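Some notes on the structure that comes next.
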Amino acid sequence: MLQFSTFLVLLYISISYVLPLYATSQPEGSKRDNPRTIKSRMQKLTIMLISNLFLVPFLQSQLSSTTSHISFKDAFLGLGIIPGYYAALPNPWQFSQFVKDLTKCVAMLLTLYCGPVLDFVLYHLLNPKSSILEDFYHEFLNIWSFRNFIFAPITEEIFYTSMLLTTYLNLIPHSQLSYQQLFWQPSLFFGLAHAHHAYEQLQEGSMTTVSILLTTCFQILYTTLFGGLTKFVFVRTGGNLWCCIILHALCNIMGFPGPSRLNLHFTVVDKKAGRISKLVSIWNKCYFALLVLGLISLKDTLQTLVGTPGYRITL
């Protein structure tokens, strides 16, 4: 059972990320994808982030029990924001292990997305009119991509993985904790935090109430599930926050797998017949098989590629 003071800290961390999104001076009705709105929100979230990097460790140090007291310094370092620093180890500076953990987590994600990754490669190899550099320019070099692929993964993982998990670990006796609690209770805070998008959609008036409700429920569900993944990674890698950030960023980039881009190009944009059409049809079947294979392999890759024995957070 959570102590009330611990619950208040967890609630504060969750709410403190959402509140700055609405504490803007933008005109009423300004949409979330308006560049001015994005800049204003990122500025205010940055201020809140810097404040919480000191406030949350301070609260943890003040509220931790006398039998398992944690200092402000240890609470701050335990957030995992310093690359290569493993706070729980006798020799905390382990940069080679840090790089190894990052590499293994990326390999795990590439296995999950093996279908879309191979489809991307084949599309650019077999379509002479395509340009990776042009795709990169249009996809990444703008403020929306900076928010989605860099700013959001960093800030959300610091708030909803690092700060929430370390609050559990530092304020609740480990004898009263289970890994299931660590993986799913903080993830629920992360999922519910996305409910505010329903308010934005209502303000825009572009969707029906039923559509907003269904979309919000689905968003809460998949963000809670994704939160469980990043909490698992944080624990298994001994508090390597940057593994969680990289995974979050890559998942935002990849998104939910859609139809094969190669198949769409050669069946809709530049329709081919004969042998090429048959080969594209075969690839399309292979693509969907790889999607299923990547999902099935996730359980095994999580166990084999995430973390190293001796570096994990133990209860």
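Counting starts with 1 at the first residue shown.
Heads up, the Cβ atoms here are built off N, Cα and C, so glycines get one too.
Secondary structure from DSSP puts Glu156 (active site, proton donor/acceptor) in a helix. Using a 10 Å Cβ-Cβ cutoff, Glu156 (active site, proton donor/acceptor) registers 22 neighbours. Taken from Swiss-Prot, the feature active site, proton donor/acceptor covers Glu156 (among others).
Taking all protein chains in view, 18 other C-beta atoms sit within 10 angstroms of the C-beta of His194 (active site, proton donor/acceptor). In the three-state DSSP reading, His194 (active site, proton donor/acceptor) counts as coil. Residues or ranges marked as active site, proton donor/acceptor by Swiss-Prot on the basis of similarity to another entry: His194 (among others).
Per Swiss-Prot, site 'Transition state stabilizer' is recorded for His248 (among others), and the stated evidence type is similarity to another entry. With a cut-off of 8 Å between CB atoms and residues at least 6 apart in sequence, the same chain places Ala152, Pro153, Glu156, Glu157, Phe226, Thr230 near His248 (site 'Transition state stabilizer'), listed in sequence order.
All protein chains shown were included, and the count of other CB atoms within 10 Å of the CB of Asn252 (site 'Transition state stabilizer') stands at 16. Feature annotation from Swiss-Prot assigns site 'Transition state stabilizer' to Asn252 (among others); the stated evidence is similarity to another entry.
Marked as topological domain 'Cytoplasmic' by Swiss-Prot on the basis of sequence analysis: 24-44 (among others).
Marked as topological domain 'Lumenal' by Swiss-Prot on the basis of sequence analysis: 66-74 (among others).
Annotation source Swiss-Prot lists topological domain 'Cytoplasmic' at 96-105 (among others). With a cut-off of 8 Å between Cβ atoms, the residues of this chain six or more beyond the topological domain 'Cytoplasmic' (96-105) that come close are 83-84, 86, 233, 237, 240, 242-243, 246-247, 305-308, 311.
Per Swiss-Prot, the feature topological domain 'Lumenal' maps to 127-148 (among others). Note on the topological domain 'Lumenal' (127-148): mean pLDDT across this stretch is 86.
Look at the topological domain 'Cytoplasmic' (170-208): DSSP puts its residues at 29 helix, 0 strand, 10 coil. Swiss-Prot lists 170-208 (among others) with the feature topological domain 'Cytoplasmic', giving sequence analysis as the kind of evidence.
Annotation comment: Swiss-Prot describes 230-237 (among others) as topological domain 'Lumenal', evidence class sequence analysis. Here the topological domain 'Lumenal' (230-237) has long-range neighbours at 80, 101, 105, 157, 161-162, 165, 179, 182-184, 186-187, 243-244, 247-248, 302, 306-308, 311-313, meaning same-chain residues at least 6 beyond its ends whose C-beta is under 8 angstroms from one of its own.
If one looks beyond the topological domain 'Cytoplasmic' (259-275) by at least 6 residues along the same chain, the residues whose Cβ comes under 8 Å of a Cβ in the stretch are 119-120, 122-123, 126-127, 281, 283-284, 287-288. Look at Swiss-Prot and you will find 259-275 (among others) tagged as topological domain 'Cytoplasmic', backed by sequence analysis.
According to Swiss-Prot, the feature topological domain 'Lumenal' maps to 297-315 (among others), an assignment based on sequence analysis. Same-chain neighbours of the topological domain 'Lumenal' (297-315): 86, 88-89, 94, 97, 100-101, 104-105, 107-108, 111-112, 169, 174-175, 177-179, 182, 229, 232-239, 243, counting only residues six or more beyond its ends whose CB sits under 8 Å from a CB of the stretch.
Counting same-chain residues at least six beyond the ends of the transmembrane segment (4-23), those with a Cβ under 8 angstroms from any Cβ of the stretch are 41, 44-45, 47-48, 52, 56, 59-60, 63, 155-156, 159-160, 163-164, 167-168, 171-172, 186, 189-190, 192-193, 196. The transmembrane segment annotation in Swiss-Prot covers 4-23 (among others) and is backed by sequence analysis.
Note on the transmembrane segment (45-65): residues 5-6, 9, 13, 16-17, 19-21, 71-72, 74-76, 78-79, 81, 151, 155, 158-159, 163, 166-167, 170-171, 173 of its chain, located 6 or more positions outside it, place their CB under 8 angstroms from a CB of the stretch. Positions annotated as transmembrane segment by Swiss-Prot: 45-65 (among others).
Feature annotation from Swiss-Prot assigns transmembrane segment to 75-95 (among others); the stated evidence is sequence analysis.
Per Swiss-Prot, the feature transmembrane segment maps to 106-126 (among others); the stated evidence is sequence analysis. Within its own chain, the transmembrane segment (106-126) has Cβ neighbours under 8 Å at 132, 246-247, 250-251, 254, 257, 260-262, 265, 283, 287-291, 293-295, 297-298, 301-302, 305-306, counting only residues six or more beyond its boundaries.
You'll find the Cα of Asn252 (site 'Transition state stabilizer') roughly 15 Å from the Cα of His194 (active site, proton donor/acceptor).
Sequence-distant neighbours of the transmembrane segment (209-229) (same chain, 6+ residues past either end, Cβ-Cβ under 8 Å): 160-161, 183-184, 186-188, 190-195, 197-198, 201-202, 247-248, 251, 302.
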